[in-house]
Amino acid sequence: MAKAKFERNKPHCNIGTIGHVDHGKTSLTAAITKILAETGGATFTAYDQIDKAPEEKARGITISTAHVEYETKNRHYAHVDCPGHADYVKNMITGAAQMDGAILVVSAADGPMPQTREHILLARQVGVPALVVFLNKCDMVDDPELLELVELEVRELLSKYEFPGDKIPIIKGSALAALEDSDKKLGHDAILELMRNVDEYIPQPERPIDQPFLMPVEDVFSISGRGTVVTGRVERGIVKVGEEIEIVGLRATQKTTVTGVEMFRKLLDQGQAGDNIGALLRGTKREDVERGQVLAKPGSVKPHTKFKAEAYILTKEEGGRHTPFFTNYRPQFYFRTTDVTGVVHLPEGTEMVMPGDNIAMEVHLIVPIAMEEKLRFAIREGGRTVGAGVVASIIE
């Protein structure tokens, strides 16, 4: 069968399946492609194709992730599914596969399990905006009261981690029934019901171009007679010639005006998200700007030194540390384009962190960095990556 070409005129959304091992995440992913393929919105991808996910590298960390894509009436989706629990942890922390929302899969036969809890917590920490729940394997539970009990448990767990537990849609069904065409109501119909809820409940993400301008500084040049040019890739938003911007991070915030934008040696009137540009700054000296700072829309981003983070620490096999670390560990934190030294404070009751652990910790940087929640970073020792993290909340 010829692959149907995806129309790119629908809004795009990135989602993924999360939940405990063997609760049916991969089966559900396969079932979604099967049911949506009936209306031409997907190409059916079988369980074993998804299960042997290829390895990818993100921030120096190897992660196995399977990607499928499909579309509903309203949206085009890119969907990620990971084979192992460790892959989920790494994926969510590194942001290798950005999630605008997630489908939490819970087996009705088992109810919430340790990884269910951990994935909900991770989703909260890394800032996944919305979850929809698929209560799977409902064909294995005969007692409707038991189903209600499991649903209640899931809602309580979601509320505990500050998701709106009483509002989140929970769809009861069976991925296997959908794959085997055995029970239309729990299979086919439940999958369509799930996708209707994903369409409606997961908010449409704001496109990078619509967000406030930000560009990490990669290099700085002085051009005689013209001034200082700063180069980098625009992360989000648009910058127009003549606009005022701020230079944020590493030192006191400065205001300046962009007097020129060039790309591939051509002068433009603006630069936008995704463009590699050179920005000419009025009255800014070569020594006033350095790599590691950002150019940003005034007031849109502030420099900070103290934050709470969720981090994954590489194993020895992944090229990480061979030994644990303790409170007051001082590695470098690599944000966007530069390393900054910081001091780690472990939570009360956590004696040490072993390679392979993921951990919530507090970090105090020795100089401020332009930062906001959800910003990703690498943890490095002498240029070698030993971990990855995400800003969960800012302290000061």
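Cβ from N, Cα, C; glycine included.
Check Swiss-Prot against the ranges 112-115, 136-139, 208-211, 256-259 and you find region 'G4' recorded for 136-139. When the ranges 19-26, 283-290, 299-306, 315-322 are checked against Swiss-Prot, the one recorded as region 'G1' is 19-26. Residue ranges 60-64, 125-129, 145-149 are listed, and Swiss-Prot annotates 60-64 among them as region 'G2'. Beyond its flanks by at least six residues, the region 'G1' (19-26) meets 47, 50-51, 66, 81, 83-85, 104-107, 110, 112-116, 119, 136-137, 175-176 of its own chain at Cβ-Cβ distances under 8 Å. When each of the binding-site residues LYS25, HIS85 is scored by how many other Cβ atoms sit within 10 Å of its Cβ, HIS85 comes out lowest. Take the binding-site residues GLY19, ASP22, THR26, CYS82, CYS138: by the count of other Cβ atoms within 10 Å of each Cβ, the lowest one is ASP22. Between the CA atoms of CYS82 (GTP binding site) and THR26 (Mg(2+) binding site) there is a gap of 8 Å, rounded to the nearest whole number.
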